[in-house]
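According to TrEMBL:
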DISULFID  CYS153-CYS186  disulfide bond
DISULFID  CYS154-CYS170  disulfide bond
TRANSMEM  20-42  transmembrane segment
TRANSMEM  62-84  transmembrane segment
TRANSMEM  91-115  transmembrane segment
TRANSMEM  233-254  transmembrane segment
Amino acid sequence: MHYYRYSNAEVSCWYKYLLFSYNIVFWLAGVAFLAAGLWAWSEKGVLSDLTKVTGLHGLDPVVLVLVVGIVMFTLGFAGCVGALRENICLLKFFCGAIMFIFLLEMAAAVLAFLFQDWVRDRVKEFFENNIKSYRDDIDLQNLIDSLQKINHCCGAQGPDDWDFNIYFNCSSESKSREKCGVPFSCCIPDPAQKVVNTQCGYDVRKKSKSEWENQIFVKGCILALEAWLPRNIYIVAGVFIAISLLQIFGIFLARTLISDIEAVKAGIAF
């Protein structure tokens with residue numbers, strides 16, 4: 001006579017479908033980011049000539065969108081399929097990737113706080129490199145213009161940083177109409193104007209610096225961002241905490257589901 005023992009362990013449908021719902025949002029968001037990035041590249045002709053990606057010396061914002069899209073799509077797909085199929089390998093990959101990203105965020109925050117001067121130098125270098133490529137890519141141009149308009153700033157440390165760009169450089173060799181000027185996003189807006197004057201920055205740096213304050217923003221964007229952070233520290237901290245809690249919640253769901261699956265398999269094997 002043979003006796004069989006049956007384990008009471010079972011996979012919780014609650015955790016299973018909660019993890020699936022958690023990941024389907026990220027998977028769909030990843031699809032949206034990828035679609036937007038590929039569409040932007042197709043509009044710029046990058047898909048027909050991939051060498052344009054390496055030809056830009058500054059940051060192409062579309063690359064950032066695509067990287068975020070790929071990460072979200074991959075993790076969302078692994079989490080969704082892993083939860084539905086109760087696949088331990090995919091769930092462990094999802095859990096490990098989320099944990100790795102979480103630790104990177106924590107390390108970056110700590111290092112940025114401890115090495116503020118080094119971070120400031122890297123940001124300055126990054127901003128100056130993108131100023132050089134301002135006219136080379138429309139998305140980068142729009143990003144810099146938005147940054148300068150929102151923060152009421154001009155250049156990395158001031159308007160003279162636009163000498164890094166060949167079109168705005170004050171050198172005698174330059175034949176650009178924008179020579180010794182700044183982009184329109186550096187200009188102090190006139191409430192009376194209904195239409196944006198894109199030529200408001202022409203020749204402004206040919207004038208004495210005492211006259212600049214009446215026409216353009218003279219504060220550098222690095223100083224503006226440094227002033228913005230203390231004023232909005234609670235918002236920044238709140239966003240960081242919310243993202244961290246979402247990641248911890250995803251890790252908890254994945255680890256719980258993995259434990260349930262392993263318990264069921266151990267019971268069957270027994």
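A Cβ is built for glycine as well, from the same backbone N, Cα and C atoms used for every other residue.
Panel annotation: around the transmembrane segment (233-254), residues 15, 18-19, 22-23, 79, 82, 91-92, 94-95, 98-99, 101-102, 105, 109 of the same chain, lying at least six beyond its termini, place a Cβ under 8 Å from a Cβ of the stretch. The CA atom of CYS154 (disulfide bond) is located 5 Å away from the CA atom of CYS186 (disulfide bond). Between the CA atoms of CYS186 (disulfide bond) and CYS170 (disulfide bond) there is a gap of 17 Å, rounded to the nearest whole number.
Counting in whole angstrom, CYS153 (disulfide bond) lies 20 from CYS170 (disulfide bond) by their C-alpha atoms. Candidate disulfide-bonded residues: CYS153, CYS170, CYS186. Fewest other C-beta atoms within 10 angstroms, CYS170.
The local packing around CYS154 (disulfide bond), expressed as other Cβ atoms within 10 Å of its Cβ over all shown chains, amounts to 27.
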